[in-house]
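In TrEMBL this protein carries:
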TRANSMEM  32-53  transmembrane segment
DOMAIN    37-318  domain 'ABC transmembrane type-1'
TRANSMEM  73-91  transmembrane segment
TRANSMEM  152-172  transmembrane segment
TRANSMEM  178-194  transmembrane segment
TRANSMEM  258-277  transmembrane segment
TRANSMEM  283-303  transmembrane segment
DOMAIN    352-587  domain 'ABC transporter'
Amino acid sequence: MAKRNTYDQDEELEQEFNWAYYKRLGKYLKPYLRRLLVVLGSILLANVAVIMGPYLTKVAIDQAIPNKDMGQLWLIAGIFLVTLIVAFFCMRYRIWAITEIGQDMLKDMRSDIFDHLQTLPFSYFDSRPHGKILIRVVNYINTLSDLLSNGLINLISDLISLIVTLIFMFVIDWKLTLYSMALLPILFIWAWVIKNKQRVAYQILSNKQSNLNAYIHESIAGIKVTQGFAQEKNAEQRFADVSEEYRSTWMHAVKIQFALWPGVQNIAIMTTALIYFVGVNRIGVAVTTGTLIAFIGYINNFWNPVINIGNFYNSLITATAYLERIFETLDEKPEIQDAPDAFALPPIRGDVQFNDVSFKYDQDGPMILHHINFHATPGQSVALVGPTGAGKSTVINLLSRFYNVTDGEILIDGVDISKVTLKSLRQQMGVMLQDTFIFSGTILDNIRYGKLDATEEEVIAAAKVVRADDFIRHLKNGYNTELQERGSTLSAGQRQLIAFARTLLADPRILILDEATAAIDTQTEILLQQGLNALLKGRTSFIIAHRLSTIQNADQIFVIDHGEIVERGNHDSLMADHGAYFDLYDAQYQMLKAL
Ligand SMILES: Nc1ncnc2c1ncn2[C@@H]1O[C@H](COP(=O)(O)OP(=O)(O)OP(=O)(O)O)[C@@H](O)[C@H]1O
C-alpha cells in the first residue's frame, strides 16, 4: 500500500531515469499507427516540396540566369508555385490529423487511469489526499497533451525534414555537409549533461503542484469548518505558503529547462559562420556561388529541425516526471483482487460466519480486531454497538471485503469469501454507509444506482416501501429533481431514505447499515425506522447502531470494545446482565432525559 501522505508532504520520487515509460507510451500509439502512416506520407510530401526551394534557386542562379534561359526560369517558377501549394495542403492535414491522434491517445490514457482507480482498494484512497489523485487524472495527463500532439507533429516532420535535407546536402556537396554537422556532438553532450537535473526539477515541480491541488481540494471540502471556526486567514496563509513553494520550484525548473536553448542557438550560428568561412574559401575551387547560397538555405532547413528536436527532447524529459506518476497509478495493484481460481458466489441465503477473524489496516500497524467469532443465520438482524474507534466499521468492511482479513476466515453460506469473485459477493450485499453518497443527477438516477435497469415504476415502488416517496413527491420536480453532488440540498434523513430505496432496489440478501450519527428529530427517526424495518424484512442485516433505541428488536447484539466482542445477546438478556451494554444504554437514556 502507498505510504500515507498529506498536502504538506512530498510524494516519493523515483531515482532512476526509466526509458521503459516511453515504450509504454508507445503502446498507446499502436492503435493509431495506420493513421500516423498517412500523416507521415503527407509530411514527407510537404518536406520534399519545401526542400525543392533552395535547389531550384541553385539551378536558377547557376544555369538559367547565366544562360539567360527564360523558358527554364518560368519552369522553375512554375514548379516553385506547385511545391508551395502542395506544402500548404500537406501541412494543414498534418496539424489536424496529429492533433486528433494526440487527443485520442490522451483520452485512452485518461480512461485507463480512471477505470483503474475504480478497482483500487479503500486503502489507496485512505492513504493520500484526493486532490493528489485528481491531479493525475486531469493535469498530469494534460501535460502530455502538448507532447503527444504538437510535440509529435514536430518530431516526425522534423526528423523527416532533417533526413531529406541531409540527403540533398550530401548530394550537392558532401564535404560542406560534414562541416555543417561538425558541432553537433557538443550539443548531444550538453543535452545529456542536463537531462537528469531537468527531470528531477520537474519531478519536484510535479510534487509541489500535487501538494497545491491537494490543499485546494481539502480546503474546499472543509470550507464549512473553516468558515464555522472563522479560520479563513489561517487557510489563506497556508495556501500562500504552498503556492509560493510551487512558484519557486517552477522558476527553478524553467531555469534548468532553458539551459539547453542558448546552447542550440549558439551552435547553429557558429555552424553558419563555419560554412561561410569554408565555402567562401572554396568558391571557384570546388564550390559554385549557387551551391553556397543553396547551402546557406539548407543550413536553416537543417538547424530548424535540430532546434525543434531539441525542444521535443526537452518536453520529453519534462514529461517523464509526469509519466512516472501516471504509470505509477496504473501500476498500483488492486489490493483486493479475485484469486486466480475465484468462482462466482451462487445466490445466497444470507448465513454469515466469522471464524477467529483478526485484522490490521497497515502491515506494520496495530491489530484492530482480535479473534472475532460469531454466526448469523439467514434473516437475522445483528447490531454492533460500542464506543467510537472500537472496530464496528472495520467488522463490516471485512464482511463486504473492502479489506482482506489478516487472520481467520469469513464464511457466507459456508463459502470462504476470499475464494469468490468480488463482483458476485458485492452484488448480493447492500452497504449503506453513514454518509449516504449522492451523485449529481436526478433522484430517480440516484435510486436507480442500486439496479441500473430498473423501470421508473420499480424505483417509485421501492421508494414507497421505505417511506421515501412522500418527501420526494413534495419536491418541486418530484423524482426528476436534480441533486448536487453529495446531496447538499437534502437533509441527512432524506439522504438516508434515498439510500434505503437504492438498496431495496438492489434487493441484496445481506444488508449492512452504518447508522448516521447525526442527531435527527423524533419524527424523522420514526420515519427512518419504518423505512428500515421494511428494508430489513427477510434479509440478514448488520447495523452499526449509534442510537440504541433503534436496535431493541435486533436478534443479536454485539458490544465491541478495543476490537473484541466483549458482550453478546439480545436487548433483554444484555440489560439483565448489567454489563457494558447496560452501561451504554443507561448513559444514552440519562443523556436523552437531560435534554
Ligand atoms: N483506513 C484506516 N487505516 C488505518 N486505521 C484505521 C482505518 N480506519 C479505521 N482505523 C482505525 O481502526 C480502529 C477502528 O475503527 P472503526 O472505524 O472500525 O471504529 P468504529 O467502532 O466503527 O468507530 P465509530 O463508531 O467512531 O465509527 C480505530 O482505531 C481507527 O483509528
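Each residue, glycine too, has its Cβ placed from N, Cα and C.
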Selected stretch (most C-beta pairs under 8 A with the transmembrane segment (258-277)) from 32-53, 152-172, 178-194, 283-303: 178-194
Distant-in-sequence neighbours of the transmembrane segment (32-53), which means Cβ under 8 A and at least six residues beyond its ends: 79-80, 82-84, 86-87, 90-91, 93-94, 97-98, 101, 104-105, 156-157, 160-161, 164-165, 168, 297, 301
The domain 'ABC transporter' (352-587) [mean pLDDT, rounded to integer]: 87
